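Features reported for this protein in Swiss-Prot:
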type    : residues              : note
BINDING : 18-25, 86-90, 140-143 : GTP binding site
DOMAIN  : 9-278                 : domain 'tr-type G'
Amino acid sequence: MSDVSNEAARRRTFAIISHPDAGKTTLTEKLLLFGGAIQMAGSVKGRKAARHATSDWMALEKERGISVTSSVMQFPYEGKIVNLLDTPGHADFGEDTYRVLTAVDSALMVIDVAKGVEERTIKLMEVCRLRDTPIMTFINKLDREGKNPIDLLDEVETVLGIQCAPVTWPIGMGQRLKGVVHLISGEVHLYEQGRNFTRQDSTIFPSLDAPGLAEKIGEQMLTELRDELELVQGASNPFDLDAYRAGQQTPVFFGSGVNNFGVQPLLDFFIEHAPPPQTRETTGRRVAPSETKLSGFVFKIQANMDPQHRDRVAFMRVCSGKFTAGMKTLHVRSGKDVKLANALTFMASDREIAAEAWPGDVIGIHNHGTISIGDTFTEGESLSFTGIPNFAPELFRRARLRDPLKLKQLQKGLAQLSEEGATQFFRPLMSNDLILGAVGVLQFDVVAYRLKDEYGVDAIFEPVSVTTARWVHCDNVKKLDEFREKNAGNLGIDAAGQLVYLAPTRVNLQLAQERAPDVRFSATREHAHAKAID
């Protein structure tokens, strides 16, 4: 095997998805803890001790205790390299999560034992389904009372439409929690509360028949457990690697992230069975990770990761070949050669200069406004990775300054923050309004906060008469010009220079579509085909 094939085979690149408050950020911390990437996990709730979760690095996230940007963290474990992409925990940031899911090879779904499958989980699962992403499931908060585990499996299968294969099974729950049984190895892991946020190895018995186990958990509970396991193993599906990798079956684990319990079996199983980097589609052909020439695509842009440097970083997933510091690449969309100097690797907000990177790795490229989400970099071949869309926003607001002299800073701030993809910035052709589009109200709060914190701009967002937006295209230049002339009052330009129809009502949009049959109105814009404004 070549170096590229060997290194690609070692990579495990995945994202964690969940409904808000299911314990995703805490579990992220504990995976890092067990992976040896951090010595002490920070509790998101532990405000007085000034402990904040490693993956919640932005000031606003630390204040609110929610993840609103996706972090990238890498750590070695058992001879493999794990790339963990944390996703926004808030529903308003679903588009960012969608794009993160285009950059991973598998996902870990976290479910609250008391709440079961929630609305956000359903939506995220639909996104994973589009790509047949392999998914493992961690049922969290076992230290609290919750739903019957058998009912939970049934709920996952019925609501999410995916077969469950339990790998660990709980012994009790809440106050009666004693541990979990590993259904494949037969081992029993006893529950001990994690203290001081440091890793603790649980006591493990080799089987249910091991001497001393009955004393630990009680004869009655052991008898109940044997009966329950007989029922579970008779009614559930055994783990099938092919079905899991095809996105048809999810291995299920039980545990308590906050108490470091049940995390180790999950991590070990993940390392052994999760897929390495896979072949990916481009506009021209399929690209295999084992190819020797570098290729990769940008799935996220983050402004001001280091407030002292006012920098913008483009996150690029390496799809094939080897990245080396300072190498020359082709920025396919612009057709220009770009030297990738000072690329970064990440441990949440800790950054290091990347000497090399392989398929499955994520590197950060310094961006001075020339890189967009969806851009492809290669060693010369003109191809673009597909399937990284921009969705039409559902809410629109006009930005208004409290200090009119700060207009330039406002324009710069809105343009740079919209590059990240969570919001979209539009300039109407016939007015000087600056319009921001988003899929949720929280995004306007975040932008207002960051404008003030990072750009020194005090802006408010007020209602504007725009209900929806559609990107417009027409192969006939003359007909497009006619359309622009007739509809100038409803047209604008997005941050990438694309023409957008800003409809005041859905009826208005319908009429515009009927009157211009040659013009295509699109609810999404594929980043791969976007043109940047100079």
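Even glycines carry a Cβ here, placed using N, Cα and C.
Features as recorded by Swiss-Prot, highlighted on the structure.
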| residue | record | Cβ neighbours (10 Å) |
| --- | --- | --- |
| SER18 | GTP binding site | 23 |
| ASP21 | GTP binding site | 15 |
| LYS24 | GTP binding site | 27 |
| THR87 | GTP binding site | 28 |
| LEU142 | GTP binding site | 28 |
According to DSSP, which of helix, strand or coil covers SER18 (GTP binding site)?
-> strand
Could you say whether, by DSSP, LEU142 (GTP binding site) belongs to a helix, a strand or a coil region?
-> coil
Mean per-residue pLDDT in the domain 'tr-type G' (9-278) works out to 83
